[in-house]
Amino acid sequence: MFFHSVQQGETLSSIAADYRISLSHLIQANPTINPNQLFVGQSIVIPGLPNPNTIPYEIHVSLSQHQLTLLHNGSVVKIYPIAVGKMLTQTPTGNFVIVNKAPNPGGPFGTMWMSLSKLHYGIHGTNDPSSIGKSVSHGCIRMHNKDVEELAATVPIGTRVRIEP
């Protein structure tokens, strides 16, 4: 079972949107929670996601180094170059999980999109390989297409993603 810890300003609606599930599904999974009285630190069950402790993979992102590191049971498997958000549209920092995958999303997203548990943010490919290594995105983590395809084939939905400055 996967739990989300409520952050300042979040509502059940915003949490449902972040995890791409319906509000009714979220309420059904949390029958003892009053949707109008959430508090910071409260644990909310997110239906449909596995317990993250059962997933041996983890992704660490360093915005300043423009690197995404894939770990397996705490050991580095591979380090990928990435592009991140520019000054006005910075990549959010914090702890997230991969909530879905969409091959061939089209346009600037390259050949793969993996949604993070923050609405409108994800890890994706690119139609502009020269952007990798720079701070040029609208906040997403951009990778070479071959790299994001390899990553998506390796990590399951529910994989933890830690993004640091």
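Residue positions begin at 1 at the first shown residue.
Cβ atoms are placed via backbone N, Cα and C, with glycine included.
As written in Swiss-Prot, here are the features:
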type	residues	note
DOMAIN	2-46	domain 'LysM'
DOMAIN	57-164	domain 'L,D-TPase catalytic'
ACT_SITE	H124	active site, proton donor/acceptor
ACT_SITE	C140	active site, nucleophile
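When secondary structure is read from DSSP and collapsed to three states, the residue listed as 'active site, proton donor/acceptor' falls in the strand class. In terms of DSSP helix, strand and coil, the domain 'LysM' (2-46) has 14 helix, 8 strand, 23 coil. For the domain 'LysM' (2-46), the model gives a mean pLDDT of 95. Note on C140 (active site, nucleophile): other Cβ atoms within 10 Å of its Cβ, all shown chains, come to 25.
When the domain 'L,D-TPase catalytic' (57-164) is classified with DSSP, helix, strand and coil residues number 19 helix, 50 strand, 39 coil.
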